[in-house]
Structure formats: structure tokens, C-alpha cells
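Trainee: Once you've had a glance at the structure underneath, I'll fire off some questions.
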């Protein structure tokens with residue numbers, strides 16, 4: 001039955017889209033830039049996809065607005081192209097040179113290789129922004145002076161790139177073969193996108209920066225452990241898994257919940273001057289409903305993380321007992337797809 005379901009996927013429209021990601025995204029990007037350069041009447045429209053909008057006059061800062069959607073769309077397409085190209089032409093050949101014989105394992109290696117590259121780059125980008133921020137090592141400054149209407153060029157690029165990445169992850173989740181934790185992953189991605197979008201709209205980008213850094217840093221270690229697993233380095237994989245486990249507990253349950261507690265107990269007192277007042281034309285303000293909405297989404301993300309923590313604990317038990325780390329957050333079947341390929345071939349005949 002599993003073979004039939006997988007074979008059905010291989011013949012589906014979504015599988016066709018998945019196999020042609022490079023061609024589709026490359027065509028869209030070429031079309032955008034050719035029109036932008038060669039057809040000046042369209043420049044006012046195409047420039048919205050390419051350049052940041054809403055610069056603050058005579059400053060190096062930017063505000064936000066609805067037309068930022070165009071820039072996010074560009075990132076979704078660009079990341080789709082970069083992911084597909086990197087996986088197909090760099091990481092997949094690397095997997096083959098490393099002696100990974102299983103077709104599915106090579107695909108998984110390429111997927112995790114891309115995750116490692118993106119999460120590491122995103123974490124470094126976010127860390128540089130945090131290092132130069134007024135809230136570096138000062139949690140109260142996340143909310144003091146809110147709303148923070150203006151952001152630097154690189155902060156805006158970072159935030160909109162992250163938004164594009166997580167929207168693109170929802171797209172990837174639906175065009176690739178389903179995994180056993182599909183609904184947990186989908187819930188996680190939807191909540192993450194909702195948090196990024198709403199935090200951007202309400203100018204809670206400082207706490208957004210910290211949450212993204214927490215998530216990215218842990219995922220770097222997870223991707224590294226998986227890469228070592230698929231490459232056949234069991235001892236190194238188990239060692240990296242321990243590093244990942246420590247970072248997961250420390251950051252996603254320790255630091256994250258501290259930030260949640262801080263937001264719940266101190267944010268309101270630090271934003272008293274921006275409380276909503278009836279009849280006043282406030283660009284952004286807070287009330288109990290808005291604060292509870294953010295706390296609810298942060299709590300929902302933590303709930304999914306706790307569910308994954310239970311799965312990770314099972315892997316930790318296997319490592320301790322000498323069975324070795326296995327990936328429990330995705331499809332465990334990394335054997336050759338010979339049966340599936342045969343079923344597809346038979347259907348095509």
C-alpha cells in the first residue's frame with residue numbers, strides 16, 4: 001500500500017512541479033529581470049520585486065507596507081531556485097561521491113545539506129544584526145520604545161528573506177513526497193509564517209530576530225547530524241546529535257521559554273506609552289487582545305516543539321543504548337526506491 005501511494009505521488013501533478021522547480025523558478029526570475037532592464041514602462045512594477053520599498057526620507061532606515069509583498073514573492077522564487085539548483089548540481093553529486101548508494105538517501109542528504117547552508121547563513125545574518133542592535137544583551141530593550149517604526153536596510157532584508165523562506169517551506173512540503181510528520185511540520189510552518197508576518201506588521205521585529213536565531217541555530221546542528229548519518233559516519237553522527245540535543249533543550253525550551261515569560265510578565269509595563277486609546281489615530285498600539293494573540297502563537301510554537309522533544313527523546317534513548325541516532329521527524333525509509341520505480345514504470349507502460 002505504501003509503495004502504491006508513493007507511486008501515485010510520482011505520477012501526480014505535484015511531483016511534476018517538484019521535478020521542474022529549477023526550470024520554473026529560473027524562467028520566472030529571468031522574465032522578471034529581462035522585463036525590468038529592457039522594458040522601462042514596467043520598471044515601476046518590477047522594481048517592487050527587486051528593491052526594498054518605503055525608505056524613510058534622507059535616512060538609512062526603512063518603514064514597512066503592503067508593497068513589501070512583492071519583495072517576499074521574489075525571495076520565495078529565488079530560494080526555490082537556489083535550493084533546487086544547489087541540491088541537484090552540488091549536493092546530490094557530493095552524496096554520490098561520498099558513496100551513498102540509496103537514491104532516497106541521496107535526496108535526503110541534499111535536502112539536509114541545503115538546510116545546513118540556509119540555517120547557518122540565516123543564523124549568522126541574524127547574529128550580526130543582533131550584535132549591532134540596541135537590544136544586544138538587554139532583553140528589556142526589545143519592548144522599550146515600541147513601536148519601532150524604522151529598521152535598517154539589512155534588518156528589513158533579513159526579515160523579508162526569512163518570511164519568504166518559511167512561505168517557500170510550505171510550498172516545498174506540499175510538492176515533495178509526504179512524510180510521516182507532515183501535519184506537525186505544516187502546523188509549525190504555518191505558525192512560524194503567522195508569527196513573522198504579524199510581528200512584522202506590529203513592529204515586533206526585535207523579538208522576531210531572537211526567535212529566528214534560536215530556531216536557526218538548533219536546526220544547523222540537526223542538519224549536520226543528519227548529513228553525518230547519511231554519509232555513514234555513525235560515531236560522528238551520534239556526537240553531533242548530542243550537541244543538537246543540548247542546544248535544543250537549552251535554546252528551544254530554556255531561552256525560548258524565558259523570552260516567552262519575559263514577554264508575558266514585562267512587555268506590557270515596558271510599552272505603557274503605546275497602549276491603545278480610543279479616539280486616537282495611533283499607527284500601531286497594543287491592547288490585551290493583541291498581546292494575547294502573540295503569546296498564543298508563541299505558545300503554539302512551543303507546543304509543537306515539545307511534541308518533537310518527545311520524539312527526540314526516543315532517539316536519545318537509542319544513542320545511549322548503542323542503537324545509534326535515527327531521524328524520527330521524517331520518513332525513516334531511506335532504502336532504494338526500486339519497488340516504487342518499478343510501479344511507476346509499470347503504470348507508464
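Here the Cβ of each residue, glycine as well, is placed from N, Cα and C on the backbone.
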Trainee: Suppose you had to name the range TrEMBL annotates as transmembrane segment; which of 6-26, 153-173 would you pick?
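Mentor: Result: 153-173 is the stretch TrEMBL calls transmembrane segment.
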Trainee: Are the transmembrane segment (113-133) and the transmembrane segment (153-173) close enough to be called in contact, which here means at least 3 C-beta pairs under 8 A that are separated by 6 or more residues?
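Mentor: Contact criterion met.
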Trainee: Give residue numbers and ranges for long-range contacts of the transmembrane segment (185-204): same chain, 6 or more residues beyond its ends, CB-CB under 8 A.
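Mentor: Those are 64, 68, 146-149, 159-160, 162-163, 166-167, 169-170, 173, 179, 211-212, 215, 284, 286, 290, 293-294, 297-298, 300-301, 304, in sequence order.
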Trainee: The transmembrane segment (290-313): which same-chain residues, six or more beyond its ends, come within Cβ distance under 8 Å?
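Mentor: Residues 181, 184, 187-188, 191-192, 194-195, 198-199, 202, 204, 211, 245, 248-249, 252-253, 256-257, 260, 263-264, 267-268, 276, 328-329.
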